[in-house]
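Have a look at the structure below, then the notes.
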Amino acid sequence: MTVSPVNMAAASESSVRRRRVESKRASSEEDEEEEEEKKKERETEPRALRAGSYWLTRIVLLRSIAFIYFVAFAVAYNQNKQLIGERGLMPCEDYLRSVKRYVGGKIGAAALAYTPSVLWFLDWSCMDANLDGVALLGLALSGFVLLTGAANMLIMAALWALYHSLVSVGQLWYSFGWESQLLETGFLGIFLCPVWSLSQVPRRCPPSLISIWTFRWLIVRIMLGAGLIKVRGDKCWRDLTCMDYHYETQPMPNPMSYYMHRSPWWFHRFETLSNHFIELIAPFFTFTGRRMCAVNGAIQVLFQVTLIVSGNLSFLNWLTIVPSLACFDDAALGFLFRSGGGAKRKVLEIQAEEAAGRTPKPTRGMLMRRVVNVSLGVLIGCLSVPVVMNLLSSRQVMNTSFDPLRIVNTYGAFGSITKERTEVIFQGTLSSDPKDPQAVWEEYQFLCKPGDVYRRPCLISPYHYRLDWLMWFAAFQTYEQSEWVIHIAGRLLANDSSVLSLLDHNPFQGRDNPRWVRGEHFRYKFSSPGSASAAEGKWWLRKRIGAYFPPVNLEGLRGYFQSRNWAHPHIPANRKLKS
């Protein structure tokens, strides 16, 4: 049978046409399937952040911790040499030597347990450089975390170790409760992070709920400790009158304190009642579900902001905001991040994958991380036992550590309120006879603490002037209880530049050294807004109480300095008096 060319061509054309139709049909079906898959993905992809995850919370916590570290290391860099350096008021080298003698003369486990510090292993002949190096390294690491919002366990552990090294040798100058609070907060921050990764949203290291709860437990303890020490302490917290005095007598008032002090009596009563509610009741909201936990977080943050506005309590209030942030999940904190930002977009992708059931299988590293998180929870639980017992005790103490590494501590603030403000004012004279009625006594001015009645109260929070704070404590003690005050007097007699750098005004700058220095004790009160004194520009009114310490000169202090092994200002800096 013969097939004509015409028929063959027709058959071939028909076959091609049929294949084209089938190809288009297959392509159309594939497009429909792909569109269906995209539709399903759009349906499962959250349009907004879902509650219950803490990826963004971790970023906020890490940046907040880094900010506090940055401030703390900046304070250390600017003040450590004058306070605990080679020519400091309390040299840390002397302290380390005394600890070394106490533990048997060796730098070993006992010395490290008593004083955990990397300074043990550095060259003590360059202690100022060591202190600066620790502070600068801390500034660099904390600045990196603050700018990037990313960290790993190594960086956070390094920050904790560096600051612990300073606190451990800081002696009186680092004796404030917020130092331990920063160390505890920083320790918890270590376990927020992956071991190596520096990604803001490391997919294989989700934030642990245990880690989040350690921060929540911290804010609960801080608030309960502060609230209980108040109701057990000063009677004015129970009769609601403490706020009548607080703004005027707090360590470092700011300009707003001046006006807050003159609030109506009923407003002060409301403040005290609110304080009791915030510190004694609101913390329990943490355990009553997501929404109430967030309510407590918002209350605590607003409370700390109010305290920041009304006083200069160093970085304490800024630091207390940090664990409060753990009360919020990603859904609550999403407004802090740009909609198209990388971190927020990645979190949305992760939540979409979880909604679609495409979560990655746990790796070996993730399983090990879970073990670490559980271990952290057990550690914090065990170390919390003495803290809880202290909170329940009628003999509660505040701002105390129960372990050498200060991992879990007890806190509290203003358990008692001073009803009058007193200040120690250093004065110097060029007169040869301090008893001469014609002697002109000129005043030194500190950087922040009240002195000149015409000077406006300072505004420095979260920065911290350590010497100014200790002068507040010294004012309601005696100079025998605060011997370092006499040490300062000796340095002022010599116009010592290291100590004078911690002051705002030296009346003898560019002149002869003062021959005598004395300490005068004054009672300070705010002037009344609108009064004649205020119209003259006076922020304060003061009245002399008496002498805080008598006039002293360098020769008269020689025996006093020698008995305490202090370097006399007339002796070169590289020599020490023999005890």
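Every residue number used here counts from 1 along the chain in the order it is shown.
Backbone N, Cα and C define each Cβ position, glycine as well.
As annotated by TrEMBL, domain 'Lipase maturation factor 1/2 N-terminal' applies to 174-333.
Among the features that TrEMBL reports, domain 'Lipase maturation factor 1/2 C-terminal' is placed at 407-550.
Among the features that TrEMBL reports, region 'Disordered' is placed at 1-44.
For 55-77 (among others), the entry in TrEMBL reads transmembrane segment.
Per TrEMBL, the feature transmembrane segment maps to 103-122 (among others).
The list of residues near the transmembrane segment (134-162) in space but at least 6 beyond its ends in sequence, with Cβ under 8 angstroms from a Cβ of it, reads 59, 62-63, 65-67, 69-70, 72-74, 76-77, 80, 118-119, 183, 186-187, 189-200, 343. Taken from TrEMBL, the feature transmembrane segment covers 134-162 (among others).
According to TrEMBL, the transmembrane segment annotation covers 371-392 (among others).
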> In the same chain, who gets a Cβ under 8 Å from the transmembrane segment (371-392) while lying at least 6 residues past its ends?
Replying inline: 191, 208, 210-211, 213-214, 217, 221, 224-225, 228, 400, 402-403, 407-410
> For the domain 'Lipase maturation factor 1/2 N-terminal' (174-333), what's the model's average pLDDT?
Replying inline: 96
>> Based on DSSP, tally up the residues of the domain 'Lipase maturation factor 1/2 C-terminal' (407-550) by helix, strand and coil.
In response: 28 helix, 40 strand, 76 coil
